[in-house]
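Chemist: The structure is given below, and queries will be raised subsequently.
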């Protein structure tokens, strides 16, 4: 028997599940367009779908932010219908044998920084920056990286006055320990700087294949968090970025130098990584490591056409320079 949501969407296969509930694919019964549907039990002890739907509404219209098409309660479930996206960067990382090239890391970093800056501009911090929460799109948006999962997001300043939340200590760790900033481990209230620092660890994870504080043995969750914190604090930025370009050292040192209420200089960070991109002679052609592995034949063809166009332009520029 076909299950329908809002008498408009036919529920299909299950895509996954999380602490909040389950995610399904659904089709519009008229247009046959596919969507993602999040289901959360109305009896959930820690409901987050209502909060998340409000966040999506606030962030609505932003590049790389999924659009919500319907939210409501039906039967025993709170339901949210939103854009169906492609795999996460974590999925693609696994697909690429758990190592990304420098070019792919820099192209993803550029987009991820843009997404984080946009969320911050709307007065919220994400508080769970990790590869699983960045997804590529589908079809025409296959090269666009989206930011998702705002269940842990928090307002860090007043919308009108821009008064920042107060500095606090003794907070429990919110987010994912692997990528959490050192200040988050120390129990300090999170602010913009922590999202940016977490991104730095994500980038090093992509470049190295793993982080030094992964796979630590522990007897409890608290013990594991403590061991991750100890290892993170004792591993210098220089050691963490040993085989990487100095720009990554600069990036992380900058993040750690920020004060609680500071607005990160997103433009400076983008320029820092863009300069490295240019110095390496890369072309921003949206050909990621996963492109040929994941993309459909149609998408592949489109990307190769783009690459040929870029190559022809580069060849022409080279000829022009030689002729001058």
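Each residue, glycine too, has its Cβ placed from N, Cα and C.
Relevant sequence annotations retrieved from Swiss-Prot are reproduced here:
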type	residues	note
ACT_SITE	128	active site, proton acceptor
BINDING	15, 16, 17, 18, 19, 20, 21, 22, 23, 38	ATP binding site
DOMAIN	9-278	domain 'Protein kinase'
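Let's see these features in context: how buried, what's close, how far.
Modeler: Under DSSP, residue 128 (active site, proton acceptor) is assigned to coil, being neither helix nor strand in the three-state scheme.
Cβ contacts within 10 Å of residue 21 (ATP binding site), excluding its own Cβ and spanning all protein chains shown: 18. According to DSSP, residue 21 (ATP binding site) is assigned to coil rather than to any helix or strand.
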Chemist: How many whole Å apart are the CA atoms of residue 23 (ATP binding site) and residue 128 (active site, proton acceptor)?
Modeler: 19
Chemist: Round to the nearest Å and give the CA-to-CA distance linking residue 128 (active site, proton acceptor) with residue 21 (ATP binding site).
Modeler: 18
Chemist: Counting every protein chain present, what is the number of Cβ atoms, excluding its own, within 10 Å of the Cβ of residue 17 (ATP binding site)?
Modeler: 11
Chemist: Can you check how the pLDDT averages out over the domain 'Protein kinase' (9-278)?
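Modeler: 97, rounded to a whole number.
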Chemist: Rank the binding-site residues 15, 23 by the number of other Cβ atoms within 10 Å of each Cβ and report the first-ranked residue.
Modeler: 23
